[in-house]
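Trainee: If you look up Swiss-Prot, you'll see 181, 208, 306 marked as active site, on the strength of sequence analysis. Per Swiss-Prot, the feature domain 'Response regulatory' maps to 10-127; the stated evidence is sequence analysis. Look at Swiss-Prot and you will find 163-357 tagged as domain 'CheB-type methylesterase'. What Swiss-Prot lists as 4-aspartylphosphate is 61, and the listing cites sequence analysis.
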């Protein structure tokens, strides 16, 4: 069990596929720290059992009869706020529905990529356990709020003094790198939505997503923000007011080419040392090198410690760093690693980060 976990994590599984119910249940019940307290075959039964059983976490399919997963999620969040992990298909339509679910309050998602392939089944099992345990770290750390992640406007926590006052950092960089994981899709929209379209610097983003999701996600952000936002392609040049999102399933590196900074996309085989894909560490490290430290690094909510090494390298080259605070992080892992590792110049609640990026870059 986790350090602060005093009992088993109680999970409700909601899925209309008997095969998926069996797979999810068998994976979770093999872990002694997890208890599957209920099974529901559609969204309506899922809402009923959520109210009756009050689980710590719900795994929720999206496409179901009687009541779909997003409608069920909205009812759960209205009646008994619970952490919900969406189980979605690896398609463009599945991606769009997943982002709707995240907007409605789901904390994360897992692609439904269970085929006859032994490798695919292994990846699904590992990803499911990793995300459920990541949710557990927040469940046993603090209570669930009644609002979706987008609406988290918690008062700033008392944070350690920043090593460098933010007023002294303005105008010290020409590029921005942002990394995130769990809770990141909604958090990133909040951050980018507060940066004006005429922002004078280029922005690169690495967020842990599968291949089929980053394109629709970039399109979604582009429709909601003033900045121009697109999925990055190999050879793209970083330009002012443009946000390049690392393509899912690959790593993004930055390299200097003459007077420009260009994108290089790499396969997982070319960067086997990274667990998370796309790697925030690799993006931040190469951004620091390509810009000789003339960059602002930002770490948002997410599990694990991806981004810490990259932020540390950026700081060693004179770069600037901002990290999301604990109170507004869906999962505090990535921010915690940076803060406790001493690589955060400034620690801010989510709703202040975008404005600070805009102010410093103005």
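Cβ atoms here come from the backbone N, Cα and C positions, even for glycine.
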Trainee: Suppose we draw a 10 Å sphere around the Cβ of residue 208 (active site). How many other Cβ atoms does it contain, all chains included?
Mentor: 25
Trainee: May I ask you to report the DSSP-based helix, strand or coil state of the residue listed as '4-aspartylphosphate'?
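Mentor: The three-state answer is strand.
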Trainee: Taking only the residues in the domain 'CheB-type methylesterase' (163-357), give me the average pLDDT of this model.
Mentor: 94
Trainee: What's the number of neighbouring CB atoms sitting within 10 A of the CB on residue 61 (4-aspartylphosphate)?
Mentor: 26
Trainee: On the three-state reduction of DSSP, what should I expect for residue 208 (active site)?
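Mentor: Where residue 208 (active site) sits, the three-state DSSP reduction gives coil.
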Trainee: Rounded to an integer, what is the Cα-Cα distance in Å between residue 181 (active site) and residue 208 (active site)?
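Mentor: If we compare the Cα positions of residue 181 (active site) and residue 208 (active site), the gap is 5 Å.
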